[in-house]
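The structure under discussion appears below in the form of structure tokens.
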């Protein structure tokens, strides 16, 4: 049975960030900064409540008679109790014989073009551990992008405006950044396991390192760009946020309405139509929050029974990173044009260059991951290097085609002049035939 190691970082980041946020909010209160205190508490307690609801929903405790569990979740102690329950199940699993087991079938990664199907017995204890790991993974994603991401943006903005970084604030920002990166990493792993559910997926340690570096550069540069732009154009940042929010929030619903599919009713049997709508809106909100800071790695598909598109769309990935890079560049340009005196001792051109290079570094690590370390790269129809080679061939072909077409116009003009000047000369007769041959070659 696999050791539930992924539960520990989720619980640690949850407890550490909540404790650091409460401590920092008390510091703001003693200093008279009531607005910063309220926002810090909001971005700390709201994701806590959402994490409790997620754990209750995944384990279906709302329909079971477990009053102590509900009380612990109301006291915001649900993750600690779940962690204790996980390790109790793990250490007691070897002492009790499993009376009932289920058999799961998974296909191995293709070797030499062949893929074998293997059967595995899953006992009740292991099934419970799988449910716990899945619940904590989803809770980490919710905490990261609905709590840690706005918290990090807020604390960095306060540090820039006050031109001071206290110990408590730097600690909270560090924990928040780690929480976001870890949540993005779990989102990547969840996306891989959902898309390739019928395969036995094994993620190597180097793949985790590559994803961690990719997400660290991507999220850090995105947050810094937003904070710099907010510090000089506070009104316009609301417009940027609203455009991003409604674009990502409405996109899955527009695709659903255009598909003409019926409203999904099979999310949870105990949910009514209103409850299903609330769950779908919450999933769309989470999907929006992820995409506002980084690539979500999954595409929400409401008309699908799994609610996730299992096809890997390279075009959407390319469009997202191109548009995000252009947006970051425009925001940095506006910050450079309207920067105030608080950036007097900052080398603005160097900072802009560092942020753009940092975002390009994130894209580089992403390409390295998909090319070398993706656990299911053998199932791709085309790799990153093959796509880049095709693009390079098309670009070179377009350049070569354009070069022979340029002298054609000159030869045509020269031949017409020669015909006007010496219409009866025999020296000009080869010119039209040569031009026709070149024109046919270019059109071909």
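Even glycines carry a Cβ here, placed using N, Cα and C.
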Checklist outcome for this item: Of 148-166, 167-185, 186-204, the range TrEMBL tags as transmembrane segment is 167-185
Item to check | Stretch carrying transmembrane segment according to TrEMBL (options 35-58, 59-82) | outcome: 35-58
Checklist entry - Per TrEMBL, which of 235-258, 379-402, 403-426 is transmembrane segment? => result 235-258
Checklist outcome for this item: Students should find that the transmembrane segment stretch in TrEMBL, chosen from 108-128, 318-338, is 318-338
Checklist entry - Would you call the transmembrane segment (350-373) and the transmembrane segment (235-258) in contact, using three or more Cβ pairs under 8 Å, pairs 6 or more apart in sequence? => result no
Checklist outcome for this item: Sequence-distant contacts of the transmembrane segment (235-258), meaning Cβ under 8 Å and at least 6 residues beyond its ends, amount to 226, 229, 284-285, 287-288, 291-292, 299-303, 327, 331, 334
Next on the checklist: Under 8 angstroms, Cβ to Cβ: which one of 167-185, 270-298, 318-338 has the largest number of such pairs with the transmembrane segment (206-229)?
Outcome noted: 167-185
Checklist entry - Taking a Cβ cut-off under 8 Å, which residues six or more beyond the ends of the transmembrane segment (35-58) line up next to it in the same chain? => result 14, 17-18, 21-22, 24-25, 28-29, 70, 73-74, 76, 78-79, 82, 131, 134-135, 138-139, 142-143, 146-148, 150-151, 154-155, 158
